[in-house]
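Shown next, in structure tokens, is the structure this report addresses.
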Amino acid sequence: MANRKYFGTDGVRGKVGAYPITPDFALKLGWAAGKVLASQGSKMVLIGKDTRISGYMLESALEAGLAAAGLSAAFTGPMPTPAIAYLTRTFRAEAGIVISASHNPYYDNGIKFFSAKGTKLPDEIEEAIEAMLEQPMDCVESAELGKASRINDAAGRYIEFCKGTFPAHLGLEGYKIVVDCANGATYHIAPNVLRELGAEVIEIGTDPNGLNINEKCGATDVTALQAKVVETKADVGLAYDGDGDRIMMVDHLGNKVDGDQILFIIAREALRSGQLKGGVVGTLMSNMSLEIALKMLGVPFLRANVGDRYVLEKMVENDWTLGGENSGHIIIADKNTTGDGIVASLAVLAAMAQHKLSLNELASAVKLFPQVLINVRFAGGENPLESDAVKSVAAEVEKRLEGKGRILLRKSGTEPLIRVMVECQDAELAQQCAEEIAEAVKKIN
């Protein structure tokens, strides 16, 4: 990826009111994107958002910029990120825009784009938009200005899409499901999908007020969900994040089931039904137990860098259709073009219904190895991971862990931190090894 000023791996993101998440920048970004897309023959762009209060401000500014460049905008209102990927395709729009900062707190927001195919914009288009941002803003002739409209049935369309991914011969009658929508974009989608498939649904995190998105709820904090599942004697709990592209689950005993376990359940079911194409892509942070469990099934496994963008890249590279992260981003490429929390959760529920097994039973094949993560701050300058002393300690630890665990040493891309991760079946050994490496890193300081 070329050096970017604004676009990161997941669009433009930051604190609301601080550049670039300001109304004037959103206006200019809408105009710049409009100019570039119009030059490709575009006429209409979809705009969706999550439930943050700043979404109103940003969607209005983006729409004004697009209109000035001659493009019309269609608003969907609060809608999960994967819904915008899907709706952009089905509405034959030239692009889709999502206003969201995913799992971040309400005071952050972001703007990202989808292509007409519902995939991330090609790098060259993002680079052209960045270049256009440096140009003075102008306005097309009045007769050529874009218009704004609202899509009133966007939620209903996406609900039907989600239900369509669930096997027609199965239903969720008899299941009691607690769903936590993080007070985010799935609040009016997920409960309806589950009810229409026959489940009894108990809702938490479905009362957004613009400020409570991801606050002690959703995929990043399942504590309330665990308590509610146990209290109501539910069969399963589902937790989505603020923009609906992540899923975490809770079994009937209140145990958290993470993205690695969810990925395994979906992979095994796809293998059984003959629908698994190739292998599975995880990340550098995927638990070693996932790799071992897949190996026992004869399923190839590859690790990508952390980030759903990199998972998807490796899937495309290998022509595989399944990948994900332990954080709950699960991409089932033959169903949607991006991580889709609702679709992934339905795939797991279908496996439960098909085999009449509990989530606890399905997840038991992946007994997660303890992971010890230590962040070591350093003074900047030389990267401690390049030091011979650190390399020597790391090599000695790797030898000790051979066959039983692994280490991962990463320099943070945003802070002067070295992240030391040790994973091992033996929790004490993992802790000891992580501390040894962390100590070696500290000495370099």
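Glycine is treated like the rest: Cβ placed from N, Cα and C.
Remark: Ser102 (phosphoserine) has Asp10, Thr81, Gly110, Asp241, Gly242, Asp243, Asp245, Arg246 as non-local neighbours, by Cβ distance under 8 Å and separation of at least 6 in sequence. In the three-state DSSP scheme, Ser102 (phosphoserine) falls into the coil class. Among the features that Swiss-Prot reports, phosphoserine is placed at Ser102, with the record citing sequence analysis.
Residues or ranges marked as Mg(2+) binding site by Swiss-Prot on the basis of sequence analysis: Ser102, Asp241, Asp243, Asp245.
Under the heading active site, phosphoserine intermediate, Swiss-Prot lists Ser102.
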CB contacts for Asp245 (Mg(2+) binding site) [other CB atoms within 10 A, all chains]: 32
Environment of Ser102, Asp241, Asp243, Asp245, the listed Mg(2+) site - residues of the same chain whose CB lies within 8 A of the CB centroid: Asp50, Pro80, Thr81, Ser100, His103, Gly184, Ala185, Ala219, Tyr240, Gly242, Gly244, Arg246, Gly339, Gly341
Neighbour count (Cβ, 10 Å) for Asp241 (Mg(2+) binding site): 33
